[in-house]
Amino acid sequence: MTYLQETSRNAITVPKLQAMRDAGEKIAMLTCYDASFAALLDRAGVDVLLIGDSLGNVLQGQATTLPVSLADIAYHTASVARARPSALIVADLPFGTYGTREEAYRSSVELMRAGAQMVKLEGGEWLGDTVRFLVERSIPVCAHVGLTPQSVHAFGGFKVQGKTEEGASQLLRDSLAMQAAGAQLIVMEAIPTLLAGEVTKQLRIPTIGIGAGLDCSGQVLVLHDMLGIFPGKRPRFVKDFMQGQPSILAAVEAYVRAVKDGTFPGPEHTF
């Protein structure tokens, strides 16, 4: 089938992301859950495809990401991988699948076998030993700090993080701890723009923002949000890129351009 043909661009690898960060080139990332969209997003120039546990919200109709299983993520990872994209494939470790470092390893192996090239997990300093354990066993890791949706009940809802001095200091410590443990990418969600800029400045590895301002090394959005097809309340950090575009491909290309040239996110999308 033609939509499963490989693109002509060079593969985006973990070292390539680091080189992009070092050169000041912004990284465009989107969630993706199937082969057709993987091929389309790859054609549009998206650098990283994230098989996010957000699929619980936008595909399964769940109120949170907590019900998403490892089997769910593995299934969608395999679907994305079959498109043979040049983009890097990152898969979420769902809630309850990395409570110990050994469990995290077993879960990560399943996702890597399904086609992931990096796994993403949510947490901070307390996860350092787990991240180190995975990296030592050749599993690239993306850390997720700030608003971590798997902790929604602990936070008391989906709330901006790092607004207090104590919260900001903890987020910086978490980010540095993840880097020290060997994480090669960090997603920062729903944190003040100034804090995200300071964290990005202090880290050597790329940072990907979602509601974290322009100073991150790149940006990520949930695909259904940026296409305006998710019926739920739109988060502040989301822009509907379908508006004014003739096709989904054009909308995704517009997103990639906006990330690359620094016009997204605007002040209205940040905290």
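Glycine is treated like the rest: Cβ placed from N, Cα and C.
As recorded in TrEMBL:
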type	residues	note
ACT_SITE	Glu189	active site, proton acceptor
BINDING	Asp53, Asp92, Glu122	Mg(2+) binding site
BINDING	Asp53, Ser54, Asp92, Lys120	3-methyl-2-oxobutanoate binding site
Fewest other C-beta atoms within 10 angstroms, as judged across Asp53, Asp92, Glu189, which are the recorded positions:
Glu189
Please report the distance from the Cα of Glu189 (active site, proton acceptor) to the Cα of Glu122 (Mg(2+) binding site), rounded to the nearest angstrom.
11
Listed in sequence order, residues not in Asp53, Asp92, Glu122 with Cβ within 8 Å of the centre of the Mg(2+) site Cβ atoms:
Gly52, Ser54, Thr65, Val68, Leu93, Pro94, Phe95, Lys120, Leu121, His144, Pro149, Gln150
Based on DSSP, name the secondary structure state of Lys120 (3-methyl-2-oxobutanoate binding site): helix, strand or coil.
strand
What number of additional C-beta atoms lies within 10 angstroms of the C-beta atom of Lys120 (3-methyl-2-oxobutanoate binding site)?
24
Separation of alpha carbons, Ser54 (3-methyl-2-oxobutanoate binding site) and Glu122 (Mg(2+) binding site) (Å):
13
Round to the nearest Å and give the CA-to-CA distance linking Lys120 (3-methyl-2-oxobutanoate binding site) with Asp53 (Mg(2+) binding site).
10
Given Asp92 (Mg(2+) binding site) and Ser54 (3-methyl-2-oxobutanoate binding site), what distance in Å do their CA atoms have, once rounded to a whole number?
9
